[in-house]
Amino acid sequence: MLRSFDGPQKEENPAWIRYVVIFFVSSQIIRYIYHLYTEKLYDHIPNYFFGYSFQQQLYNDVVAYLLDAFQVMFISMPIMAFVFFYIVVCNDVKCIIKHFQNSFVFKDACNYETLFRYYHAIKSAADMIDNTVGFLVFTTIIYNSCATFFSLHVTLRSDMDYVDSVAFYYWFASNYALFIIMTASAASVADASAEVASTVLILPEVKGNSNWSQQRFIALVDKKITFTVWKITPIRRNFIFGVSGVIFTYSLMFHSLSPDKRD
């Protein structure tokens, strides 16, 4: 049933998604190569081992390279891959909802039983996607929020050199940008569903048995399609502003309470 919306949806896949993927992947590779040549990885060894490091420089270099490679290959890259996958899925669902809306909005007479079945299929598919990736969305948002919080907390310090400042500013900007793009893509699905709900209210009324089908269709559309954070909370625009406010508020609060703060 959803294949009737598959053709138009494929034609509207925006090119900016490919550019975002290329930018973030290439920037991660460039950052790792830069650290290899500048030997900046050794500076982070005490942070991983609670202030301890090896006496021989060779061991420090090897461990630093392995740790950074592990972080890039098994943490950063998988999370970015899932974020990009989730963005594409959200864009596909949004386009399907848009084309479903265009399929009846300009018609004088609608078959509400058919519309009910189409929308039920779309909502069931979206719920199945949300049930499948909900936990991954939760862990990804937690990771990006924590990374954004700690990177912002570190960038507020004034005792870092220029290279470290640029590195942490990039870390903050990349994690926060991924969080914004990911949640904004999920929120666009809720916005598209809300547009369908508002459009359905102005459809012409029918008489007879079709009136029952119309009421069923209106009741179903009123249960809007939204992606959630592991069924904890729906992802809408207010969720983005709420999480962003929490991150910036607590970062500034902990920075102001830090005993080693230097003005």
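Cβ coordinates are placed from backbone N, Cα and C, and glycine is handled just like the others.
Predicted automatically and left uncurated, TrEMBL annotations should be read as such.
Taken verbatim from TrEMBL:
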TRANSMEM  16-34  transmembrane segment
TRANSMEM  69-89  transmembrane segment
TRANSMEM  133-156  transmembrane segment
TRANSMEM  168-190  transmembrane segment
TRANSMEM  239-257  transmembrane segment
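Sequence-remote contacts of a segment are chain residues at least 6 beyond its ends whose Cβ falls under 8 Å from one of its Cβ atoms, and for the transmembrane segment (69-89) they are 13, 17, 20-21, 24-25, 28, 32, 129, 133, 136-137, 140, 143-144, 178, 181-182, 185-186. Ranked by number of Cβ pairs under 8 Å to the transmembrane segment (16-34), the listed stretches 133-156, 168-190, 239-257 are led by 168-190.
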